[in-house]
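A short write-up of the structure that comes next.
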Amino acid sequence: MGYTKAEILKALKGENVKFLRLQITDILGVVKNVEVPESQFEKALDGEIMFDGSSIEGFTRIEESDMLLRPDYNTFVILPDLVEDPKRGRVARLICDVYYPDGRPFEGDPRYVLKRQIERLKKLGFDNLYAGPEPEFFLFLRTPEGLPTTETHDRAGYFDLAPIDKGEEARRDMVNALVAMGFEIEAAHHEVAPGQHEIDFKYADALTTADNIATFKWVVKRIALNHGLHATFLPKPIRGINGSGMHTHLSLFKDGENAFYDPNAEYQLSQTALHFIAGLLEHAAGMVAVTNPLVNSYKRLTPGYEAPTNIAWSASNRSAMIRIPARRGVGTRAELRMPDPSCNPYLALAVMAAAGADGIERKLLPPPPIQRNIYQMTVRERRKHKIRELPGTLREALEALRKDPVIREALGEHVYTHFLQAKQMEWDDYRVTVHQWELDRYLATY
C-alpha cells in the first residue's frame, strides 16, 4: 500500500505512536535503526535525519561519514503489540534509503544495489522481477542467563503437530505479528530437523521481498525471545541434521504476464526463462559468496541433506541447484535452491537479478535439464553432463566472486570491495582458529 506524508502523520497521531524507527541494513544484512521521538516525526519523513555512516559495516570512512535517511513511505507500518510492548509507547517503522548530504544515493546502500538491478531488468522491457522466499530457521532453548544454546526445544519432524512441536505457539505468534504488519502468510510448519521451522509468505516484487525478508528475520527473533527461545538463521547449527535454506522462487513479468511461460515450448518454458536460467547457472559460483555468505553456509551445502552441491537445473529434480516447480501459467518460476537465510536479502536478490539479466542480454541457453538424482551420479557421469560443483568453502566462493566481473559490477565497486574484505577477514579468522574437532581428533594421539 502506498502512503503519503500526510497519511503517515495522521496515522502516527491517531494511533498514539511515540517512536518512529528508521531502518536500514549494513552490507552483511544486519538490520540497523535510528529511533526518533514525536518531535522529530516530520523531520524524519522529510528525509532530514542524519547518521554516522562510518559506524555501519561497509558504509563510509570516518572523514566522509554524514549520511541521510530517506524513508520509503511504502514500508510504513505500526508495530503490533506482539513485537513492541505498547506500555513503553507505540512504535512505527519505515525502511530507508541512504543518501549523501548533497542528495546523491549512497552506492554502498544494499537497497540501492538491488534497485540498480531492477532498473536494468526494466530497461530490458520487463515489468519487474518477482521473488518468493522460503526462509527456514531453528528455535533453540536459552540458558537461565538468557544466552542461546544449540539444544532444540522439541524432537519433532516435518509437518508434525503439537504437543510434539513445542514451537507451535511461538510460530503462531510470529504469523499473527507478521500478518498484522501486512504480510500475506501462505504456510507455517515444522521442518525436517528437530527445532526447525518454516514460514512462507507470498511472493512480491524483488524490492518488497527483500524488505520483507529483513523484516521477517528480526520479527521472528523478537517473538522467539518473548517465548524464552532463541531463533537463529544460521545455516547449519547442528551437525548430522538438515540445515536451514532459503529457496527463492524467481519469475519475470512483462506487460502484466509471466514472461517465463510459453504454452507451446518444451517444458512450457519461454526463451526468456531459459536465458534467465542459463544466466543463473553461468554465475552460480560467482554469486554463492553473496547468497551463502558465512563459513558455516558451506556445511549446509553437502550431499545428503537436501541442499544442492552441483550447478545444474531440472524440471522437477530437487537435487539440482535450480528446480522448475510443476505449476505453469502465472505461476511459472525457477526455484534457486542454494541460498540460505543468513544472506543480505538485497544483495542476494541483486546478484540473482544480474545473473539472469546477463543470460537474457547474451541469449545464453542452459544445457539439457538433469532428471536423475545428482547425488547418486558418479564423477564420470557428472563430467559427461558438464555438471560443475558449487564452491565447497567460503574461501572457494570468494575466489569465484573475484573471477566474476558480472557479479562484481552488480554489487558496485564500493560494496564489492567492502564485502570481499569483510568476508576474507572472516575466513582468515576461521582458518587460524583451533576448533574442538581438532582437539578431539588429535590431542590424545599426537
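Every residue, even glycine, has its Cβ placed from backbone N, Cα and C.
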The L-glutamate site in Swiss-Prot includes Asn242, Gly243, Arg300, Glu306, Arg318. Which of Arg327, Arg328, Arg333, Arg337 is also listed there?
Arg337
Can you match one of Glu119, Glu134, Glu136 to the Mg(2+) 1 site that Swiss-Prot gives for His247, Glu335?
Glu134
C-alpha spacing of Glu191 (Mg(2+) 2 binding site) relative to Glu306 (L-glutamate binding site), in angstrom:
12
For the Mg(2+) 2 site (Glu136, Glu191, Glu198), what does the 8 A shell look like? I mean other same-chain residues with CB within 8 A of the CB centroid.
Glu134, Pro135, Phe137, His189, His190, Val192, Gln196, His197, Ile199, Ser244, Gly245
Nearest of the binding-site residues (Glu136, Glu191, Glu198, Arg318, Arg337) to His247 (Mg(2+) 1 binding site) - Cα to Cα:
Arg337
Which one is it, among the binding-site residues Glu134, Glu136, Asn242, Gly243, Arg300, that lies nearest to Arg323 (ATP binding site) by Cα separation?
Glu134
To the nearest Å, how far is the Cα of Arg337 (L-glutamate binding site) from the Cα of Arg318 (ATP binding site)?
8
